[in-house]
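Database features (TrEMBL):
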type	residues	note
TRANSMEM	A:12-36	transmembrane segment
TRANSMEM	A:56-83	transmembrane segment
TRANSMEM	A:95-115	transmembrane segment
TRANSMEM	A:135-152	transmembrane segment
TRANSMEM	A:164-186	transmembrane segment
TRANSMEM	A:192-215	transmembrane segment
TRANSMEM	A:222-243	transmembrane segment
TRANSMEM	A:249-266	transmembrane segment
Amino acid sequence: MIEFLLSPFEYAFMQNALAVAVISSAVCGMLSSWLVLMGWSLMGEAVAHSVLPGVVLAFILGIPLGAGAFVFGMLAVALIAGLSRTTTMKRDTTIGVVFTSLFALGLVLISATPSQTHLMDLLFGNVLGTSRADLYQVAALAAVTALVLLLKRRDFTLLAFDRTYATAIGLRTGVLTAVLLILLALTTVTALQTLGVILVVAMLVIPGATGFLLARSFATMLLISSSVGAVAAILGVYASYWWGVSTGGAIVLCASGQFVLAYLCSPRHGLAAALRRRRASSHATAVG
Amino acid sequence: MNSSSPDRPAVVVRGLSAGYPGVSALEGVNLQLGRGRITALVGANGSGKSTLFAAMLGLLPPRTGSVRLFGQAPAKARRRNAVSFVPQHEQIDTTFPITVEQVVMMGRYTHMGFIRRARSADREAVAEALARTGLSQYRRRSIGELSGGQRKRTFVARAIAQQAELMLLDEPFAGVDRSSERLITELLHQLAAAGTTMLISTHHLEGVHQLADEVILLHRRVLAAGAPEDVLTDEQLARAFGASLS
């Protein structure tokens, strides 16, 4: 058993892969608690998909891919905000226009660039190709993100819960919102190697959704969402090693599996609870 | 600091016009709120009550005119913890995983440092606010598990714990049972006696005489302001509520 668990990690590339997958998935999971409560799932998808042209341009220019991703993530946010302010379109419409356009730009840039094989990894992730340098970069970004989130967690939670009150008591809600969007872009960068542009959003939504189903307090929700991310990463990396399946896909499926379990077992929202309520009410009707 | 001199009004609104794109909700509103007074803001739905609150909270910039809170611009007053707000019940996300005690603790954030770590003074203020609103036994409940009245009392408790000089309450009696209504009214009187200035929006006319020292009748502009018996006449109310009362 121990040998089964340890044998993949005789290889340095597997050690890097596991470390980078766990770190990035845990920090994505952490952030996803706030995204779910802010109603920002679609915003998460928008930022995640919009980073693609930035990464390709960074590759062409030979600068760190994370920098390009960050710039385009923020550009997407700015374009969405600008369109929402200057038109009366609903927000999901502006988001849909912006991120699909940027994603398409990324695809065109990839196809126009020689050495396409490496760039295709951006779409689907290639965690087994993680180098030590990648690992350090991801660890540093994740540490910064986690630190800011934990230090200002009470302000972010108030922002998500009651923005008007946050404004009334003098919190700088605009700054807090901007910081949260910057963290969203940073988190996306950390998860690119593991999950790729297409699946990053899964880890920005599913862990938070799982925590939401189970938790009664925000601290518990945060703990659950980070753990769901980390556990999914561990199981996913193993699954991909033993069965040779897509790592990103396996990680996301493991997160989905945890979500389904939570949905079935949740004491308040879940299927079991709904059945219990129905039985209780039909019992009550039968008696009364 | 001149903002604490007792004879000056707590709030002065002059010539305020404000609204949203394509809608002018307020036109040339003038009003003053006396320090430690309870003022009821009475008007039909769509009369501009929420817009006036938004302008006073600094959520909506005025098109013309000005709002001064304790002689200061709203942003400055907010930053020195002068303003509190109790939201309407429709604005509360009842699915949010948060307990009663945690909501009330939010009232203490402006008393805390950068990371909002609670000190014993904060915990005492929260415990006292919970006791005064009769919520001590519910403090570990999540807000989704409360009745409408208990939930409203939670947000009043948050405002009490905040200890701000000015409290804005948006329809505090909507969706609230009788006993909660009585308790909240009594608490508001206690707070006013201790010097808190209060503006309470309501379209619930029955309780206004017992609740408020002054009434402002609003319909996009101030129709009347003064003592409840002078303002809440049939004729004035007909102007404010128009067809909705007949």
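The chain as shown is numbered from 1 upward.
A Cβ is built for glycine as well, from the same backbone N, Cα and C atoms used for every other residue.
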Among A:95-115, A:135-152, A:164-186, A:192-215, the stretch with the most Cβ pairs under 8 Å to the transmembrane segment (A:56-83) is A:95-115
For the transmembrane segment (A:164-186), out of A:95-115, A:135-152, A:192-215, A:249-266, most C-beta pairs under 8 A are with A:135-152
Query: Okay, the transmembrane segment (A:95-115) and the transmembrane segment (A:249-266): do they have at least three CB pairs under 8 Å, pairs separated by 6 or more?
result: no
Best-packed against the transmembrane segment (A:222-243), counting Cβ pairs under 8 Å over A:12-36, A:135-152, A:192-215, is stretch A:12-36
Near the transmembrane segment (A:192-215) in space but 6 or more residues beyond its ends, with Cβ under 8 Å, are 20-21, 24-25, 28-29, 31-37, 41, 44-45, 48-49, 51-52, 55, 65, 69, 103, 106, 121-127, 129-130, 134, 138, 184, 221-226, 228-229, 232-233, 247-249, 251-252, 255-256, 258-259, 262-263, 266-267, 269-270
Under 8 Å Cβ-Cβ from the transmembrane segment (A:135-152), and at least six residues away from its ends along the same chain, one finds 16, 19-20, 23-24, 26-27, 30-31, 34, 64, 66, 176, 179, 183, 186-187, 189-190, 193
